[in-house]
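Colleague: This structure is in structure tokens; I'll ask about it shortly.
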Amino acid sequence: MESAALSRIGLAGLAVMGQNLALNIAEKGFPISVYNRTTSKVDETVARAADEGGLPLFGHHSPREFVLSLSRPRSIIILVKAGAPVDQTIATLSRFLEPGDAIIDGGNEWYENTERRISEASPQGLLYLGMGVSGGEEGARRGPSLMPGGSRQAFDNVADILSKVAAQVDDGPCVTYVGPGGAGNFVKMVHNGIEYGDMQLISEAYDVLKTVGGLSNQDLANIFDEWNRGELESFLIEITADIFKVKDEHGEGELVDKILDKTGMKGTGKWTVQQAAELSVAAPTIAASLDCRYLSGLKEEREAAAGVLEQAGISNEALRASVGAVDKKRLIDDVRQALYASKICSYAQGMNLLRAKSQEKGWNLNLGELARIWKGGCIIRARFLDRIKKAYERNGSLPNLIVDPEFAREMAQRQGAWRRVVGLAIGAGISTPGMCASLSYFDTYRRSRLPANLVQAQRDLFGAHTYERIDRPGSFHTEWTKLARQSEAGVGAHN
Ligand SMILES: *[C@@H]1O[C@H](CO)[C@@H](O)[C@H](O)[C@H]1NC(C)=O
Ligand SMILES: *[C@@H]1O[C@H](CO)[C@@H](O)[C@H](O)[C@H]1NC(C)=O
């Protein structure tokens, strides 16, 4: 296609996400050139732009023409599979790029790959951004949450475009310059880890309501719809309500009951947990959600285990019966509160992971601003992110969300319900690893004295690792075994 004037921006990689983001940009009035090695993808995108009333979108089959169709300094978004395809696409395009031009990788890339590419691009004078894009296919088309990190100049060059293209919420567009280096990718990774946690917690709420409360899919649809009008209002609660409503076209009942209970994953949740371990940050709720995905994958083993343990005398029915009848109304209200409190703890973990990485890398991440850009567009968008934003605005050095005075009050109000739900689930033999992890995190964090003294004593006994005392400074070592024998002997002597 011929275009006399030059395009403001380019996009390479026209799978559905790429196509949708390109159409979104064109619709906001920014002329865009698009490219894909598979030329049919280019033609498909051009046809879609024509269908949507002639959006200013121009297709190119040759990478050179594509690059030369852009006004300088050029900005090119690439949306291809993370890893090697990104390097290949950069290699194809960078031959035609000139100093000052920028590459913006919109994939779910490992942050260190972005940092490597930033240094590889710099000798040629090329700028580089690693930009997290959340919201799925629909978000890309209607307004995603964007998390760009890397070259500030590259961001400034397209800030007007990104601000228009991103989801819009009451306090602005869901985009901000996240920070230097791989900060944008890292923030997107933690976003996905939090998303794992949210999905796990919702699935546990479902399990308790269904298995202990005996609620039908219709009941669940109504409850989630109702929850979506209150403090839990969020994209994930909303879509969950919809899921319960869909009938199975191949048989009786609803589709959700026919879906194999095996969860897939693409790796960002695992990276989040690995990073938490690297940084010595506790992220038990996110880790529990990852573990649950692993265990869900062992479908055949679990079926066999169910048989073996039933033979051994562990019965689901007996466990369920052991907790007796429940007051449904109260259970529903308790589960709502347990879900909310568990969520706060999960977000606290994600935020603390971001802060730890920011300190290690000198990224200067603004946690309140990150909560703000997650308010719209992305998968974890939720009303309650506004409260997180405000908590960090009130106190930027808040060590943990749960000690913000407002969240602390909310936790206090909900802890009774939370403990009832977890206790009930444990009694009934329903695993709630996410809710339990959040509650344990809460109880561990809020207790000023933990049994860690005993662990220190053990370490000192077998490894002379030394310990500190609560009543005097310094580091101490004790000959535990010898003293224990002496005192045994002493005890003996008295007898
Ligand atoms: C083009 O399309 C194919 C197939 O959809 C995809 O695998 C490839 O990564 C795309 N991107 C580029 C830049 O060619
Ligand atoms: C921020 O929170 C910490 C921990 O609760 C507290 O010590 C500090 O005084 C707070 N700062 C402000 C400005 O409120």
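Just so it is clear, glycine is given a Cβ too, placed from its N, Cα and C backbone atoms.
This is the feature table in TrEMBL:
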BINDING   Gly13, Leu14, Ala15, Val16, Met17, Gly18, Asn36, Arg37, Thr38, Val80, Lys81, Ala82, Asn108  NADP(+) binding site
BINDING   Asn108, Ser134, Gly135, Gly136, His191, Asn192, Tyr196, Lys266, Arg293, Arg459, His465  substrate binding site
DOMAIN    184-481  domain '6-phosphogluconate dehydrogenase C-terminal'
ACT_SITE  Lys188  active site, proton acceptor
ACT_SITE  Glu195  active site, proton donor
Colleague: These are the binding-site residues: Lys81, His191, His465. Which one scores highest on other Cβ atoms within 10 Å?
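Modeller: Checking each of Lys81, His191, His465, the winner is His191.
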Colleague: In sequence order, which same-chain residues at least six apart have a C-beta under 8 angstroms from Tyr196 (substrate binding site)?
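Modeller: Result: Met265, Gly269, Thr272, Ile286, Ser289, Leu290, Arg293.
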Colleague: Would you count the other CB atoms within 10 A of the CB of Asn36 (NADP(+) binding site), including those on all shown protein chains?
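Modeller: Other Cβ atoms within 10 Å of Asn36 (NADP(+) binding site): 26.
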Colleague: Starting from the Cα of Asn108 (NADP(+) binding site), work out which of the recorded positions (Lys188, Glu195, His465) are within 10 Å.
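Modeller: Final answer, ordered: Lys188.
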Colleague: Counting other Cβ atoms within 10 Å of each Cβ, which of the recorded positions Lys188, Arg293 scores lowest?
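Modeller: Minimum Cβ neighbour count within 10 Å, taken over the recorded positions Lys188, Arg293, occurs at Arg293.
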Colleague: So for Asn108 (NADP(+) binding site), how many other CB atoms are inside 10 Å of its CB?
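Modeller: For Asn108 (NADP(+) binding site), the 10 Å Cβ neighbour count is 19.
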Colleague: Are any of the binding-site residues Gly13, Met17, Asn36 near ligand 1, with a Cβ under 6 Å from it, and if so which?
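Modeller: Within range of ligand 1: Gly13, Asn36.
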Colleague: For substrate, with binders Asn108, Ser134, Gly135, Gly136, His191, Asn192, Tyr196, Lys266, Arg293, Arg459, His465, what's the maximum Cα separation in whole Å?
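Modeller: So the binding residues stretch over 50 Å, Cα to Cα.
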Colleague: Near the residue listed as 'active site, proton donor', how many other Cβ atoms are within 10 Å of its Cβ?
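Modeller: The Cβ of the residue listed as 'active site, proton donor' has 23 Cβ neighbours within 10 Å.
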Colleague: Count the Cβ atoms, other than its own, that fall within 10 Å of the Cβ of Ala15 (NADP(+) binding site), considering every protein chain shown.
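Modeller: There are 14 of them.
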Colleague: I'd like to know which of the binding-site residues Met17, Gly135 has the most other Cβ atoms within 10 Å of its Cβ.
Modeller: Gly135
Colleague: Go through Gly13, Thr38, the listed binding-site residues, and name the one with the sparsest Cβ surroundings, counting other Cβ atoms within 10 Å.
Modeller: Thr38
Colleague: Summarise the model's confidence over the domain '6-phosphogluconate dehydrogenase C-terminal' (184-481) as a mean pLDDT value.
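Modeller: Average per-residue pLDDT within the domain '6-phosphogluconate dehydrogenase C-terminal' (184-481): 97.
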Colleague: Do you know offhand how many angstrom separate the residue listed as 'active site, proton donor' and Ala15 (NADP(+) binding site) by C-alpha?
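Modeller: That separation, Cα to Cα, works out to 23 Å.
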